[in-house]
Every structure is written in structure tokens, then in C-alpha cells.
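Chemist: First the structure, which I've put down as C-alpha cells, then a few questions once you've had a look.
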Amino acid sequence: MNHDKSPIILIGFMGTGKSTIGKYVADEQNLSFIDIDSYIEEKYKLTIPEIFSKHGEQYFRNLEFTCLQECINTADIIATGGGIIESEEAFNFLKNQKNIIWLDCNIDIIYSRINDDPHRPNANNKTIKQLNDLYCSRILRYNEIAFKKFDSHLLSISEIYYELLNLIKASDQY
């Protein structure tokens with residue numbers, strides 16, 4: 001992809017497949033891929049739970065936005081953290097980007113994927129109702145900035161891959 005073009009930015013709740021699908025598409029197409037959470041952990045030498053524990057969620061959201069800005073012109077595909085839309089700065093920044101893809105998923109499937117995952121501080125030890133409340137609080141924001149939405153529990157990785165491939169090809173024509 002030409003870096004004068006906008007990257008594909010994957011948004012959505014935790015456990016919807018942003019990192020898995022982003023990496024898959026990047027590997028298949030020989031594109032650059034950045035997972036913002038992994039980027040933060042490598043850059044700051046702390047895990048996401050450690051950052052939450054030592055500095056709090058707001059501090060993490062500021063790091064997340066800073067790292068998104070750093071990566072926006074260097075990656076072809078970016079997987080954001082599920083809560084990136086919680087930051088007003090990041091949300092407003094994303095509103096001005098193209099190719100925002102919302103990966104959505106059924107909350108029961110999300111819960112089964114992330115239940116008690118120690119690497120997800122906003123999900124750890126939460127009931128399905130608590131997780132659903134958090135999910136519902138974010139839906140409108142995901143919807144507001146998404147160019148396209150895929151239900152990752154209804155489509156296979158390869159089906160999403162081919163849909164994204166069509167977007168990449170269309171993007172390269174402009």
C-alpha cells in the first residue's frame with residue numbers, strides 16, 4: 001500500500017478479532033501491521049495490565065492515542081484497542097480517518113473468548129452482564145466512525161479477508 005493512502009484501521013470491542021484478522025490480512029498481502037496494544041507494550045516495556053495498575057486507565061488512553069498518531073502514517077493495517085473510542089482525542093482523530101472497519105461480535109462469544117483473561121484489565125473478573133454494559137456503552141461510538149462493519153462471529157476469517165482485500169484494492173485506485 002502506498003503510505004500516502006489511509007491505513008485500514010480496525011476498531012471494535014475486545015475479543016472481536018481485530019488483532020487476528022489484521023495480522024492475517026497483512027501476512028497474506030505482505031502489508032505492514034501494527035497492533036496498538038502490542039506497540040504500547042514494546043515501547044513502554046510494560047504490559048497493558050501493568051500500565052492500568054500503575055498509572056490508571058486515563059494514562060493508558062493517552063498513551064494509546066499518542067501511539068495511534070505515531071503509527072497512522074507508517075502502517076497499512078492498524079488494530080486498535082477496544083476502548084480507544086473512550087478517549088475524546090482519539091475518537092475525534094479517528095472520525096477524520098478513512099477506512100475505519102468495525103469488527104463486531106455476539107457478546108456471548110466475546111465473553112467466552114476473554115473471560116478472566118489477565119491481559120485484559122477492563123474484562124478481568126467481570127460478569128457477562130458487566131461486560132455487556134461496557135459493550136453497549138461503546139456501540140454508538142463504534143458505529144459513528146465506522147466506514148464498514150463486519151460481524152466476526154458470522155463470517156470466517158477468509159470471508160472478512162476478501163472483503164478487506166476489496167477495500168484495499170479500491171483504496172489503491174484513488
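Backbone N, Cα and C atoms are what each Cβ position is placed from, and that goes for glycine too.
From a predicted model like this one, the values you see are computed outputs, not experimental measurements.
Taken from Swiss-Prot, the feature ATP binding site covers GLY15, THR16, GLY17, LYS18, SER19, THR20, ARG120, and the record attributes it to sequence analysis. Per Swiss-Prot, Mg(2+) binding site is recorded for SER19. According to Swiss-Prot, the feature substrate binding site maps to ASP37, ARG61, GLY82, ARG138.
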Chemist: Determine, using Cα-Cα distances only, which of these binding-site residues is closest to ARG61 (substrate binding site): GLY15, THR16, ARG120.
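Modeler: Closest recorded candidate to ARG61 (substrate binding site) by Cα: ARG120.
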Chemist: Looking at the binding-site residues LYS18, ARG61, ARG120, ARG138, which sits with the largest number of other Cβ atoms within 10 Å of its Cβ?
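Modeler: Sorting the candidates by Cβ neighbours within 10 Å, the top entry is LYS18.
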Chemist: DSSP three-state call for GLY82 (substrate binding site): helix, strand or coil?
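Modeler: It is coil.
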Chemist: Quick one: which residues besides GLY15, THR16, GLY17, LYS18, SER19, THR20, ARG120 have a Cβ within 8 Å of the ATP site's Cβ centroid, in sequence order?
Modeler: GLY12, MET14, ILE21, ALA79, GLY82, LEU103, ARG113, SER152
Chemist: Of the binding-site residues ASP37, GLY82, ARG138, which sits closest to LYS18 (ATP binding site) by Cα distance?
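Modeler: Result for LYS18 (ATP binding site): the nearest of the binding-site residues is GLY82.
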Chemist: Write down the Cα-Cα distance for GLY82 (substrate binding site) and THR16 (ATP binding site), rounded and given in Å.
Modeler: 9
Chemist: Which of the listed binding-site residues (THR16, SER19, THR20) has the least company, meaning the fewest other Cβ atoms within 10 Å of its Cβ?
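Modeler: Ranked by other Cβ atoms within 10 Å, the binding-site residues THR16, SER19, THR20 bottom out at THR20.
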Chemist: Can you tell me the three-state DSSP label for GLY15 (ATP binding site)?
Modeler: coil
Chemist: I'm trying to understand the geometry here, so how far is the Cα atom of THR20 (ATP binding site) from the Cα atom of ASP37 (substrate binding site), in Å to the nearest whole number?
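Modeler: Here the two Cα atoms are 13 Å apart.
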Chemist: Using C-alpha atoms only, work out the spacing between ARG138 (substrate binding site) and GLY17 (ATP binding site) and round it to an integer in Å.
Modeler: 17
Chemist: Express in Å, rounded to the nearest integer, the largest CA to CA distance found among the substrate-binding residues ASP37, ARG61, GLY82, ARG138 named in the record.
Modeler: 18
